[in-house]
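Feature annotations, courtesy of Swiss-Prot:
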type: COMPBIAS; residues: 1-12; note: compositional bias 'Polar residues'
type: TOPO_DOM; residues: 1-48; note: topological domain 'Cytoplasmic'
type: REGION; residues: 1-20; note: region 'Disordered'
type: TRANSMEM; residues: 49-69; note: transmembrane segment
type: TOPO_DOM; residues: 70-98; note: topological domain 'Extracellular'
type: TRANSMEM; residues: 99-119; note: transmembrane segment
type: TOPO_DOM; residues: 120-131; note: topological domain 'Cytoplasmic'
type: TRANSMEM; residues: 132-152; note: transmembrane segment
type: TOPO_DOM; residues: 153-184; note: topological domain 'Extracellular'
type: TRANSMEM; residues: 185-205; note: transmembrane segment
Amino acid sequence: MEADSTTINVTETPKERKGKAPLLAAPPASSGVKRVLQKAPKGGYKRGLAVFDVVLRLAGIATALGAAIAMGSTDQTLPFFTQFFQFKAEFDDLPAFTFFVIANAITAAYLALTIPISIVCIIRPHLVAPRVLLIFLDTVMVALTTAAAGGTASIVYLAHNGNSDANWPAICQQFNDXCQKVSGAVVASFLTVVVLMLLIVLSAFAL
């Protein structure tokens, strides 16, 4: 009787098997989390560029609008006059100054109208088409604003220094206030050009 022995085989219950299942499924879950974490910084990077794009467009509106207003309000009349002449300087005396006002006003309006597109890029940072459109339009505005600022800068230079070869005297000694406003407008316009170029670079990096 004492020599007899009984062998009992214990099998795993379904509950015990279920208890081990999460341990086996844990690695795929963690790998999925890694994939999500790898994609998140990319979208955040583009979203940050889009936010900076909006800020630069607001700055460009301020500089372009300031340039147009400063040039458009240029008007100075000298305190002395003759029987036949009154010495007065206005921006519309020169076609280049008129073009300058129109070009900067167009640029300011364009930057305001493209802010909604930049907001779309903030909401959906992975979109490519809006950024390509902004690159094209910003390049056109760079050409327009540079042409206006460059043409006006040459005239302002002559107004300050004159040209002895062409017998053109400097007039800024007489029209000091007008020349200061015009010079400030040219500086603001070139700042707008810099802003537009930065916008192009930002859009290119975000593609």
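First residue shown is number 1, and so on along the chain.
From the backbone N, Cα and C atoms, a Cβ is placed for every residue, glycine too.
A quick note: this is a predicted structure, and the numbers were derived from the prediction, not measured.
Confidence in the topological domain 'Cytoplasmic' (1-48), given as mean pLDDT, stands at 55. Below 8 angstroms of C-beta separation, residues 43-44, 46-47, 49-51, 53-54, 203, 206-207 of the same chain, each at least six residues beyond the ends of the topological domain 'Cytoplasmic' (120-131), sit close to that stretch. Sequence-remote contacts of a segment are chain residues at least 6 beyond its ends whose Cβ falls under 8 Å from one of its Cβ atoms, and for the transmembrane segment (49-69) they are 100-101, 104-105, 107-108, 111-112, 114-115, 118-119, 121-122, 125, 134, 145, 185-186, 188-189, 191-192, 195-196, 198-199, 202-203, 205-206.
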